[in-house]
Structure formats: C-alpha cells, structure tokens
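Residues annotated as active site, proton acceptor in TrEMBL: K199. If you look up TrEMBL, you'll see G8, A9, G10, A11, M12, G13, A148, R266 marked as NAD(+) binding site. Residues annotated as substrate binding site in TrEMBL: K108, R266, N267. Taken from TrEMBL, the feature domain 'Glycerol-3-phosphate dehydrogenase NAD-dependent N-terminal' covers 3-168. For 188-341, the entry in TrEMBL reads domain 'Glycerol-3-phosphate dehydrogenase NAD-dependent C-terminal'.
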Amino acid sequence: MSKVTIIGAGAMGSALVVPLITNGHEVRLWGTELDNKIIRDLKNGKDHPKHKYPLPKAVKPFSEEELPAAMEDTDMVIMGITSDALGMIFERVVPYLKPGMIIGSVTKGFEYATDGRVVLLPDILKEKLPAELKDSISFVFIGGPCKAIEVVWESPTSVCYSSANLEAAKKLQATLMTPVYRVEANTDVIGTEICAAMKNAYAVGLGMAEGFKKRKGFLHNNTKSALFTFAVAEMGILSRALGGSLFSVYGLPGVGDLEVTGEAGRNRTLGEVIGEGLTASQAVAKMKAEGITVEGYPAIRFGYLMAKQLEQEQKLSLKELPLLAGLYAILYEDAPAYETVTILLQQCTGAYKQ
C-alpha cells in the first residue's frame with residue numbers, strides 16, 4: 001500500500017480520502033492556513049465542515065505548520081488547492097519532492113506564466129519544479145464529472161486521469177479506483193485541462209438559462225440545450241487549437257463535466273442570479289459578500305485572453321468563439337444577459353463547422 005499526501009483540505013481534496021482509504025492506503029490530509037477550522041474539526045473527530053459528513057477515521061489530518069510531517073516518506077501527492085493559490089502552495093511542497101514521485105491534481109483553471117502569457121495550470125506546476133526534478137516527476141491531471149460530496153457518499157462516479165506519462169496515470173488509477181470510483185487513463189492533458197477550465201466558464205451561461213425561467217415565468221430548456229451544444233463546440237475549437245484531442249471534449253472531461261457543472265454549483269448559481277436580472281458586477285459582488293468564490297468568473301476572462309493569444313498565433317479566430325465572446329461581454333462589460341443570449345443564439349446557430 002502507498003502513503004499519499006493530499007495538499008488542501010477543501011471539498012475535492014478531502015473527498016479523495018474516501019477511495020484511497022477504501023483501497024487500504026495511508027492518507028495524510030494537509031490543510032493550508034485557510035483550512036485551519038477543517039483540520040481542527042477533523043482532529044477532534046467532527047464531520048468535515050464543507051461536506052457536513054464524516055470522513056473515514058483512518059485519515060491523518062495535518063495543520064499548516066505540520067507540512068514536513070505530512071510529506072515525510074510519502075509516495076504520492078495530490079494537489080487540491082484553488083486555482084489562484086496552486087502555484088504558491090506548490091512552491092512550499094517542492095522541497096519535499098523526490099525523483100520518480102507522482103503528483104496528481106484536481107485543480108482546474110488558468111493562470112499567468114512568468115512571461116505574462118495565459119496558460120493552463122499544468123504549465124504552472126511544471127514551471128515551479130527545479131531543473132533536477134523536471135524529467136523525473138510525473139504529473140497526472142484529474143477531470144470528468146465529479147461532485148465532491150458524491151465521492152464521499154460513494155455514488156458511482158467515472159473520471160479521467162491524464163498524464164504525458166501514461167504509466168503514471170495508470171499507477172494513480174490503480175491507487176484510487178474502486179468499484180464505485182471508476183477511472184480511465186489517457187495522455188490527452190491539453191484536452192482534459194482545457195475542458196476542465198472552460199466548463200466552469202460555460203456553466204455560467206447554462207445557469208443564465210435557469211435564471212431566465214424565473215425572470216420570464218416560463219421554461220428556457222431550449223435555450224439551455226442550445227448553449228450546452230455551442231459550449232461543447234467551442235471547447236473542441238480551443239482544444240484543437242492548443243493541440244488537444246476531441247475525444248476528451250466529447251468524453252468525460254468535456255461533455256460529462258459540463259453537464260454536471262451546469263446542473264448545480266457555484267458557477268451555475270452565478271449565471272442564474274445574472275439571468276434573474278442582476279448585472280454581472282452586482283451578482284459577483286453579492287456572491288463575494290456571501291464568501292462564495294466562483295471559478296467560472298475568472299475562467300471566462302482567462303479563456304477569452306487565451307483565445308486572443310491563439311488568434312495572434314493564427315491558430316484560430318475569435319469569430320469562431322461567439323459564445324465565449326458573448327459571455328465575456330455579459331460578465332466583464334455588463335452587457336444585458338437576456339438580450340445578449342438571444343443575439344448569441346442567432347450568431348451561434350450554424351456557425352460551427354467541422
């Protein structure tokens with residue numbers, strides 16, 4: 001059995017404790033300074049405050065100052081940190097890494113590289129490795145339709161593990177896979193990660209259709225289904241431009257994750273509030289005041305900026321991404337949601353070519 005250290009005691013990182021313990025591994029759950037209450041509650045035998053549900057008793061919680069103990073003789077590391085803090089926290093972990101180690105990551109999104117370009121998070125992690133470890137550390141990126149609480153409940157779930165090193169993906173797959181937590185392994189890191197990042201952005205749009213129901217007093221399922229279809233098409237365009245596979249777009253990381261994200265969660269909620277009539281700036285301020293961070297909000301901006309980079313490199317045209325451009329206008333220019341989405345359906349219908 002392996003010793004596995006999970007970095008970050010938030011919802012998804014903590015959820016992966018369940019399949020790991022089921023398979024008999026030693027699991028250390030380390031919390032950042034933002035996780036102090038979570039770790040304190042777990043050490044006192046209480047439920048995880050985010051899941052409102054007990055984690056297996058065998059998990060070993062470690063507080064912020066106990067990182068050296070949490071990393072001692074560990075075999076694998078899984079990063080469960082929010083996208084905006086991933087690079088900073090990974091820098092703390094790097095001194096404890098050893099050649100040959102596998103690093104898993106459930107974090108999804110974009111960030112600025114040191115050269116100022118917008119990149120996917122795998123590039124941020126690789127950038128943080130010292131030269132002597134760059135060729136010996138394998139990263140595995142986790143995508144697919146997976147609500148954290150359902151992993152804790154052991155609801156049947158299928159996900160995707162992607163790595164440039166297929167053997168590393170298969171090793172992490174074997175470490176976590178159970179009869180109810182199923183894992184497919186592949187090498188399409190780009191396809192998996194662009195879907196993982198952009199589904200948060202497009203889920204905001206799906207949420208708007210839910211808000212339109214309340215605002216107008218009748219269903220907008222036709223609108224939501226059309227937006228879903230256009231979102232999948234645009235994830236495919238972005239994946240292809242970056243060198244990813246359409247297989248991931250039409251599989252668990254793309255269609256699968258977009259569907260479950262559009263059904264419930266913070267990204268859908270932001271879109272729903274906007275759809276009901278608030279401007280985007282009002283909706284974002286409202287959710288921030290409630291302590292809610294919405295990853296889809298910055299994902300729309302980062303995705304739009306990445307698309308502009310790709311346009312400059314002549315790998316695509318922004319005209320191929322009318323839905324992304326429209327969401328950017330709604331979220332960052334306070335364009336009226338209902339009127340903009342109506343125009344978007346006119347622009348998007350028939351716009352996507354093979």
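Each residue, glycine too, has its Cβ placed from N, Cα and C.
Curation plays no part in TrEMBL annotations; they are all automatic predictions.
Sequence features, as recorded in TrEMBL, placed on the structure.
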{"residue": "G8", "record": "NAD(+) binding site", "Cβ contacts under 8 Å, 6 or more apart": "W30, G31, T32, D35, M79, G80, I81, T82, I89"}
{"residue": "A9", "record": "NAD(+) binding site", "Cβ contacts under 8 Å, 6 or more apart": "L29, W30, G31, T32, D35, I38, I39, L42, H48, P61, G80"}
{"residue": "A11", "record": "NAD(+) binding site", "Cβ contacts under 8 Å, 6 or more apart": "K50, H51, A148, I149"}
{"residue": "M12", "record": "NAD(+) binding site", "Cβ contacts under 8 Å, 6 or more apart": "G80, V106, C146, A148, V151"}
{"residue": "G13", "record": "NAD(+) binding site", "Cβ contacts under 8 Å, 6 or more apart": "I6, I7, L29, I78, M79, G80, I81, V106"}
{"residue": "K108", "record": "substrate binding site", "Cβ contacts under 8 Å, 6 or more apart": "S83, L121, G143, E193, A196, A197, N200, E295"}
{"residue": "K199", "record": "active site, proton acceptor", "Cβ contacts under 8 Å, 6 or more apart": "A231, M235, G254, D257, L258, T261"}
{"residue": "R266", "record": "NAD(+) binding site", "Cβ contacts under 8 Å, 6 or more apart": "M287, I292, T293, V294, E295, G296"}
{"residue": "N267", "record": "substrate binding site", "Cβ contacts under 8 Å, 6 or more apart": "N200, A201, A203, V204, G207, T261, V294, E295, G296"}
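Just so you know, the Cβ of A148 (NAD(+) binding site) picks up 20 other Cβ atoms within 10 Å once every protein chain is counted. Between the farthest pair of Cα atoms in the NAD(+) binding residues (G8, A9, G10, A11, M12, G13, A148, R266), the distance is 19 Å.
DSSP assigns G8 (NAD(+) binding site) to coil, not to a helix or a strand.
Residue annotation for substrate gives K108, R266, N267. The furthest Cα pair among them is separated by 14 Å. Within 10 Å of the C-beta of G10 (NAD(+) binding site) there are 21 other C-beta atoms, taking all protein chains into account. Those residues of the chain, other than K108, R266, N267, with a C-beta within 8 angstroms of the mean position of the substrate site C-beta atoms are N200, A203, T261, G265, V294, E295, G296, A299.
For the domain 'Glycerol-3-phosphate dehydrogenase NAD-dependent C-terminal' (188-341), the model gives a mean pLDDT of 95.
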